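Quick one: this structure, given as structure tokens, is what I'll be asking you about.
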């Protein structure tokens, strides 16, 4: 039985419900949350190994054979992302145990974090396009609550925009689904792919593909990222880290799934469009990252740049580039969590968020300073950290495909990333210290441990690339050969039935 | 009948876009609600609403309508209910904190 496939969604969901009833005791909440996160990580590792041993897994709910029932499909791509989500969200929540205010903990901070993780894992694993919409909504509703939690003036004002844009995007997702269902008459992703291939991707299907592109671009922050810097920079550090690490990545994942499995026939239109949008995203994100002085806004623009970079791999559309994107996706989940937690810690410790009002922090908080330095190197793609390998493979793919402009844009953006973070590092960590030892707020160990673990993780991913290489290669192989996915899902059903 | 429904969908989308673009927060929320209705109508039309019988074996003779879009709409209605309710509460809280329901003013609210 492949029942393990559903556990990465069910475990956090059930944990969320249990935590609701544990509201009076924060201690019990933390205990249950820790146990659940550890078991989630164990399950994800088991899932990844099972996929390696048995190939692509499939779970038909209620025994309804595809294409009629809803199903979960686990390939290496999904399993890798589920594992990364479990580990990263675990570390973020361990940081949150130490950093979250009591009033937030009492207002269901932990349950909604778990619902968010459930939605994210569900989105990665589902093999049904409408189910993807539902998982998106689970994730988004949890994120609406988290972004508004605590509710100061600025936070509420940004939340209204965030919620409104996501609600409108969700209805557009449904419009795209309606058109697609009206055209091909099925919602199973593998079955849609077969039918699209049979009918040929004409103008009608290409138009539907572009609606999907717009929807996912809104969710991922590809070109349509205008809402992102505002809403990612107002919530408290753990929430911002959850958002920066997980939310946009789900949009990126959905784009990879849909445009490699279903709409890959008319690459001139869809993938040309994705390439152009990715380059514009890189340019806009780079400008934003060096234009602002608020460190939280700079961190948010770094999310935008990373999204642009990952989608270069999709635009290039060959196996090497897919490998690069998968590596970069995993790396970015880890490093964005670290970046947002480090930036959030700086804001909490100094009470300031502008780079021109902070100085000399490395004397007060040396470990935080070095962790930020590691983050910077890793984001810029300097070996031996995890950003390097993703950039190398994306570059290789771009050279192989002859997309030299995309290559140039990708690597130029790395310089902007480096510059924007170097600016934070030089202004905030170097120079005369502004905090005297007497008024220095302590950075307690409970916060430093998750931060250090994330730092160690980015180093480990960089040095130990060999260990995950077979999984990434398999993920890229399935992305480049959609027939493998289709065979695994529709195995005993003759194609076109 | 399907043509009428498509036209009605178009009208609803027009209304929704008009409401979404207005500066009043409540109007914007109503816009999202109207948009959701338009999308549900589109879904049911896409499933082929006209010309079929109730999809219950033994209750009616074929051809049956496709039951799947109706299941989808049921799910989507629940989601739309949840998000609209959330948006309304959020709008109320924002109004309490900022004293305004004008979105162009909210743009200028910076963190203190």
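Just so you know, glycine gets a Cβ as well, placed from its N, Cα and C.
So TrEMBL lists these for the protein:
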type     : residues  : note
TRANSMEM : A:6-22    : transmembrane segment
TRANSMEM : A:31-49   : transmembrane segment
TRANSMEM : A:69-95   : transmembrane segment
TRANSMEM : A:107-124 : transmembrane segment
DOMAIN   : A:127-416 : domain 'NADH:quinone oxidoreductase/Mrp antiporter transmembrane'
TRANSMEM : A:130-150 : transmembrane segment
TRANSMEM : A:204-228 : transmembrane segment
TRANSMEM : A:240-263 : transmembrane segment
TRANSMEM : A:299-317 : transmembrane segment
TRANSMEM : A:329-349 : transmembrane segment
TRANSMEM : A:361-382 : transmembrane segment
TRANSMEM : A:402-422 : transmembrane segment
TRANSMEM : A:448-469 : transmembrane segment
With pairs restricted to those 6 or more apart in sequence, evaluate whether the transmembrane segment (A:69-95) and the transmembrane segment (A:448-469) have 3+ C-beta pairs under 8 Å.
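With 3 or more qualifying Cβ pairs, these stretches touch.
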Is the transmembrane segment (A:448-469) in contact with the transmembrane segment (A:299-317), using three or more Cβ pairs under 8 angstroms as the rule and ignoring pairs under 6 apart in sequence?
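Checked: the transmembrane segment (A:299-317) vs the transmembrane segment (A:448-469), no contact.
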Mark yes when the transmembrane segment (A:240-263) and the transmembrane segment (A:130-150) have three or more Cβ pairs under 8 Å (sequence separation 6 or more) and no when they do not.
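Answer yes, regions in contact.
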Please report, as numbers and ranges, the same-chain residues at least 6 past the borders of the transmembrane segment (A:107-124) whose CB is under 8 Å from any CB of it.
8-10, 12-13, 15-17, 19-20, 23, 29-30, 33, 36, 40, 78, 81-82, 85-86, 89, 93, 96, 100, 131-132, 134-143, 145-146, 149, 238, 242, 246-247, 249-250, 253-254
